[in-house]
């Protein structure tokens, strides 16, 4: 029998080269993005800054592992450790929201919503969600979205007098159109939602109630916003935004039978192998959200957004609905004659990042808009308090006032504000070891 010689393995640079060594172009772009996040004030309400631990989990070798199926029921071998990670994510999610069921595999909030639709509806069924211009989301029945193409999408809005949901109008609409599914929640509604009232309406017309709490999930987990779980048949959410985890989605329910349908809808219905490195990041973020300091964080998120709103109001600008109960606020620029797109650009030149956004009954196109959406999660994560958010509001007013006077923007004012922003952000560094 011949001797089998096994040569010593070569130490491959494939496993040792850094991204700077192997791909300078991508490394440079990442470096510049880190600098942008450090030097600019992030006010986009759907963005946040994750912990170093979440970054490490998401950049781990779990990205190598295929794991179609669910813990204990995989279609591949070698899943014992990713099973541990996914089970941790599931159990922590259930504990955070008081849920009996959780699916942490959706790759996004949109796919979580699609999973619910696939489980509960058939093409042509009627859904009732908040209209996009009133603060809803694309996936709640907007015409360009799958939800507006595959289903008969009806919508409810807000009162013109105070920009709040009119529950009597929602009830009347539900009775009129008889939806199979009612969707509560949105992407630009700053006030608390009465989930108990939505459930009453759903029961009256025999509809399922789905709550999309993508924007407020962290506030719910921290106890500063009403929990929809006791009222909804199903809740969907993203895992970033106020929950401060990696970008991804999740489905929650207290109905185990519906849970089986949601599992089948996500896999094999919509997705194949889950992103295990992202699920690891979710597990870490959920663990962070279970700590006592997370409640303090979300309490500050709300207080900071209210301080920002007050500073903007004191500067002569209108806040939709007169204020906020959450992490976001909408600035109505119509009284000043400004458009959302030009305001967004002027503020970004001053290193304040937010987004143009439609306001209720907005006459402008979605690419133009009459408003700005601002939010407090990211800057609160880096340590800003009420004093800093008040200053940020004052700086915003200064840039916007200059834009009223000079429609192309005032370069001198923007430069002065930019230097003030850089001085402020320098006091609150992020990822210093990555800079």
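The backbone N, Cα and C atoms fix where each Cβ goes, glycine too.
Note that this is a predicted model, so its numbers are computed, not measured.
The feature (6S)-5,6,7,8-tetrahydrofolate binding site is assigned by Swiss-Prot to 132, 136, 137, 138. The N6-(pyridoxal phosphate)lysine feature in Swiss-Prot is assigned to 241; the stated evidence is sequence analysis. According to Swiss-Prot, the feature site 'Plays an important role in substrate specificity' maps to 240, an assignment based on sequence analysis.
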For residue 137 ((6S)-5,6,7,8-tetrahydrofolate binding site), what residues in its own chain, 6 or more apart in sequence, show a Cβ-Cβ distance under 8 Å? 129, 130, 185, 186, 187, 212, 214
Most isolated by CB count within 10 A, of the binding-site residues 132, 138, is 138
Suppose we draw a 10 Å sphere around the Cβ of residue 240 (site 'Plays an important role in substrate specificity'). How many other Cβ atoms does it contain, all chains included? 27
Kindly assign residue 138 ((6S)-5,6,7,8-tetrahydrofolate binding site) to one of the three DSSP-derived states: helix, strand or coil. helix
136, 241: which of these recorded positions has the sparsest Cβ neighbourhood within 10 Å? 136
Given the (6S)-5,6,7,8-tetrahydrofolate site residues 132, 136, 137, 138, which other residues of that chain have a Cβ within 8 Å of the mean position of their Cβ atoms, reported in sequence order? 129, 130, 131, 139, 140, 141, 142, 145, 186, 187
What is the interatomic distance between the Cα atoms of residue 132 ((6S)-5,6,7,8-tetrahydrofolate binding site) and residue 241 (N6-(pyridoxal phosphate)lysine), given in whole Å? 19
Residue 240 (site 'Plays an important role in substrate specificity') to residue 138 ((6S)-5,6,7,8-tetrahydrofolate binding site) - Cα separation in whole Å: 18
State the three-class DSSP label for residue 240 (site 'Plays an important role in substrate specificity'), counting H, G and I as helix, E and B as strand, and everything else as coil. coil
